[in-house]
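Student: Questions regarding the structure given below will be posed in turn.
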Amino acid sequence: MRIEISSDNPLEHATPALVVGCFEDERGRVFEECDAALGGCLGRLAETREFTGKAGTTRLLHTLGKLPAERLLLVGLGKKADLTHERLRQAAGHAMQALRTSRAASFASTLPLASSLPRATESVAIGSLLGSYSFDLYKTKDKEQRFAFEEMTLMAPQPEREMARAVAEQAEQICRGVQLARDLVSHPGNVVTPGYLAQAARELAARHALEVRVYEQDELESLGMNALLGVGKGAAEPPRLIVLRYRGEGAKGRPVVLVGKGITFDSGGISIKPGPGMEEMKTDMAGAAAVFGTLEAAALLRLPVDLIGVVPTTENMPDGKAFKPGDVLASLSGTTIEITNTDAEGRLILCDALHFAQKFKPAAMIDLATLTGACVVALGHEASAVLGNDQRLVDALKKSGDETGERLWQLPLWDEYGEGMKSDIADIKNAGSRDGGTIKAAWFLKQFVGETRWAHLDIAGTAWSEKARPYSPKGATGVGVRLLIEYLRRK
């Protein structure tokens with residue numbers, strides 16, 4: 001979808017649809033002027049409470065030639081004092097849903113004019129772009145009749161036009177990263193394999209002149225990455241370790257390292273999962289997808305940062321060669337791990353990757369993983385969990401999460417949680433009792449980060465949505481990309 005910026009009077013702008021934001025407690029200039037042009041019908045809707053301006057509501061009207069805009073789409077913003085960037089993004093997303101239903105491929109939006117928030121244009125652009133997303137690559141019927149958005153015109157005052165254009169371009173670049181992450185998670189597991197991710201990394205590197213290295217199985221064996229190799233023993237395709245590096249112009253200091261869990265399909269292995277819902281286990285590489293998407297967006301934005309992405313990737317499958325409960329694996333760090341549950345495999349591939357990443361001497365290391373079902377039990381689908389060994393890093397990520405709507409909730413990481421991870425025959429075991437499962441998984445990872453400033457994001461409940469949300473359709477959300485870009489921009 002193309003983005004244009006216009007300083008036209010909204011009432012004089014010809015468009016298939018004009019989006020107008022409406023507050024519950026204030027009508028606003030554009031609303032009043034449109035109401036006058038339409039003979040008071042908008043005011044009548046408000047008086048009869050057929051449209052109240054409540055957040056999340058929309059109302060589409062045909063102007064019947066009384067305005068250059070063919071249709072008027074009213075979008076509720078709630079009470080003016082409660083307006084936030086997230087509410088603007090959601091309003092833009094609700095508008096996209098209504099426009100899709102009415103098949104308005106091109107439209108103009110006055111939503112940026114409804115707010116004095118400093119980044120209103122960016123919020124509206126992001127909500128609109130992400131709300132326009134659909135994934136229908138594998139559908140073969142009625143291709144010629146499928147709807148696709150073509151052009152969005154954002155209205156901005158003349159003095160702010162060029163700034164709005166630059167902000168909209170940045171929003172588009174961020175959304176390209178989110179869309180890459182969504183696409184990778186949406187593909188089926190027979191397409192996205194470890195080899196596919198390796199090729200996607202090479203293509204990403206080629207697009208933006210990034211450094212890339214893919215460690216193949218023989219190299220992993222030479223390095224001693226036996227935790228990663230152990231998980232991949234039951235898979236037909238060998239595991240890989242993918243390393244990408246973006247060196248932004250003007251970057252100073254040590255790099256930031258992102259580590260993303262890349263289990264391209266998780267059957268649970270010998271500790272096999274129940275059949276119902278197993279098809280969603282193609283999403284167990286959402287952490288890897290977020291790392292790829294963040295690198296894409298950072299490169300497009302030309303952020304002045306040194307950013308490294310590390311992605312351990314494999315499938316977790318049952319097989320005669322698969323690792324088993326009771327096995328002991330010697331990790332890259334030398335720590336020995338008793339396997340008590342082969343379905344606790346994500347932490348195994350991550351522990352080798354985290355130890356490996358220390359060689360870059362990072363200023364901060366952040367891992368993202370669909371790691372535990374316990375996180376979904378604790379937080380549902382409205383927030384990701386964050387845990388770490390550095391409170392300043394955790395606080396910075398939480399602030400970025402609040403700003404972008406990708407909210408984080410901090411869980412404790414006290415040493416007592418490690419008591420249940422002690423093994424009788426090895427240094428530690430990979431899974432303890434079910435209680436506090438998210439914390440225990442993070443405690444396990446903490447054993448492999450050394451003194452590096454580190455934070456862990458458990459995105460198990462937020463990487464995939466079983467329902468459509470205002471600016472995210474049912475399916476992959478691309479969570480983590482916008483949060484991390486905001487964190488990097490603030491550095």
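Each residue, glycine too, has its Cβ placed from N, Cα and C.
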Student: Among Glu169, Glu172, Glu345, which residue shares the Mn(2+) 2 site with Lys261, Asp266, Asp284 according to Swiss-Prot?
Tutor: Glu345
Student: Name, in the order they occur in the sequence, the residues of the same chain whose CB lies under 8 A from the CB of Lys261 (Mn(2+) 2 binding site) and which sit 6 or more residues away.
Tutor: Asp284, Met285, Ala286, Gly287, Ala288, Pro312, Gly346, Ile349, Leu350, Asp367, Leu368, Ala369, Thr370, Leu371
Student: By a 10 A CB contact count over all chains shown, which of the binding-site residues listed here is most packed: Asp266, Asp284, Asp343, Glu345?
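Tutor: Counting every other Cβ within 10 Å of each candidate, the maximum falls on Glu345.
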Student: At the Cα level, what's the spacing in Å between Asp343 (Mn(2+) 1 binding site) and Asp266 (Mn(2+) 2 binding site), rounded?
Tutor: 8
Student: Just to be sure I understand the packing, how many Cβ atoms besides its own are within 10 Å of the Cβ of Arg347 (active site)?
Tutor: 27
Student: Just the number: how many Å between the Cα atoms of Arg347 (active site) and Lys273 (active site)?
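Tutor: Here the two Cα atoms lie 17 Å apart.
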Student: Tell me, how many other CB atoms lie within 10 A of the CB of Lys273 (active site), whichever protein chain they belong to?
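Tutor: For Lys273 (active site), the 10 Å Cβ neighbour count is 15.
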